[in-house]
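**Q** Pulled the feature table from TrEMBL, pasting it below:
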type	residues	note
BINDING	HIS116, HIS120, ASP310	Fe cation binding site
BINDING	LEU138, VAL139, SER140, GLY141, GLY142, ASP171, GLY184, GLU188, ASN282	substrate binding site
DOMAIN	29-317	domain 'Gcp-like'
Amino acid sequence: MRVLGIETTCDETAVAIVASRIGGDGGDILSNEVMSQIAQHAAYGGVVPEIAARAHIDVLDRLIARALANAGLDISGLDAIAASAGPGLIGGILVGLTAAKALALAADKPFIAVNHLEAHALTGRLTERLDFPYLALLVSGGHTQLVAVLGVDDYRRLGSTVDDAAGEAFDKVAKMLGLPYPGGPQVERAAEAGDERRFDFPRPMFGRPGADFSLSGLKTAVRQEIARIGTPTERDIADLAASFQAAIVDVIVDRVRSGLRLFAEGGGRPNGLVIGGGVGANGAIRRALTRLCAETGLRFVMPPPALCSDNGAVVAWAGLERFARGLTNDLDFAARPRWPLDAEASKLHHGKA
Ligand code: KG4
Ligand code: ZN
């Protein structure tokens, strides 16, 4: 089975074609086209929704053609068309969703609406053999949550951020330090030369029951420290970045630990921990979670950074997983700028997504 997946919920326009392997051993990425809009948003220090939507329109047709050409296929060679239908920026979602529906209608193929968070959560099964249930940590510019992945279309959100997303915190701290957008990779680089013990930043939610996150207090503490310093030197910037990153790493490890306890209280043992979202590319976070998993005897599934940040392959894969279970959608499926992974969680939490 081959599925084409389209991703346009944020600032990456992406199209990929993924084929399933026999026996549930993951998938083969036949093509994976990603066009980042970072350059168009950089001057504004963040994603501008209107610019994003227009930029998706400009390049999506070309990316679809390229994804087909690089996979050596034409539309008739596909079994279904999938697109992220949310959560995210409505203008961008509409571009990808409408294109996917048009392709499905024209080629008479099934259409599949994918939840963008589900795409990140299922990535562990694209890259290797991983059976349900497992725990997924989704950390990106828009989302920070822990999800029990019990099956396809069967997710329990264990916790999420009550304020800033992890990527948002990295980006805001980078801005305060005078580092360019997107700030995550810049903060990580600056932190390499820094002393993480110089500033004792707060670890919000550390040790609390549940698996919610809160990161805005940490960001504020960094802002206050910068104000005290005045004009930070390169040394200060490195130490601030390192101390901030150490705090966020501690929080993430603690929240995952707490998430594992919640998982166990639910009566199960996860077959692994999967990380997804752009912040999942952070080396310090990857190393800390590798240690945590080694210590708790949990398998750590760490997709390559290119499959952690937004891309079409994980949308195509989630489409394949749904298609294999007969989960297709009508062409009147509406875009969902907000779309929590499980309905229960949306009543309990007011976090993003
Ligand atoms: O998943 P993603 O590509 O897009 C969405 O937000 O959906 O994630 C982008 C976010 C940005 O906030 C970026 O600063 C952050 O991921 N990021 C990182 C790193 N690479 C990207 N944060 C920390 N360390 C990194 N190495
Ligand atoms: Zn994402």
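Glycine too: its Cβ is placed from the backbone N, Cα and C atoms.
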**Q** Compute the C-alpha separation of ASN282 (substrate binding site) from ASP310 (Fe cation binding site), stating it in Å without decimals.
**A** 15
**Q** Could you pull the average pLDDT for the domain 'Gcp-like' (29-317)?
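**A** 96, rounded to a whole number.
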**Q** According to DSSP, does LEU138 (substrate binding site) sit in a helix, a strand, or coil?
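**A** In three-state terms, LEU138 (substrate binding site) counts as strand.
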**Q** On the Cα atoms of LEU138, VAL139, SER140, GLY141, GLY142, ASP171, GLY184, GLU188, ASN282, which are listed as binding substrate, what is the maximum pairwise distance in Å?
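**A** Between the most distant Cα atoms of the substrate site, 19 Å.
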**Q** Do any of the binding-site residues SER140, GLY142, ASN282, ASP310 touch ligand 2, in the sense that the CB is under 6 Å from one of its atoms?
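**A** Only SER140, ASP310 meet the Cβ criterion.
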**Q** Rank the binding-site residues HIS116, HIS120 by the number of other Cβ atoms within 10 Å of each Cβ, and give the residue at the low end.
**A** HIS116
**Q** Can you list, in sequence order, the residues of the same chain other than HIS116, HIS120, ASP310 whose CB lies within 8 Å of the CB centroid of the Fe cation site?
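**A** Other same-chain residues with Cβ inside the cutoff are GLU7, THR9, CYS10, SER84, LEU117, ALA119, LEU138, SER140, GLY276, GLY277, ASN311, VAL314, VAL315.
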**Q** For the C-alpha pair, I'd like the distance in angstrom between HIS116 (Fe cation binding site) and LEU138 (substrate binding site), rounded off.
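**A** On Cα coordinates alone, these residues lie 11 Å apart.
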**Q** Tell me, if you would, which residue among GLY142, GLY184 (binding-site residues) has the fewest other CB atoms within 10 Å in the structure shown?
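**A** Minimum Cβ neighbour count within 10 Å, taken over the binding-site residues GLY142, GLY184, occurs at GLY142.
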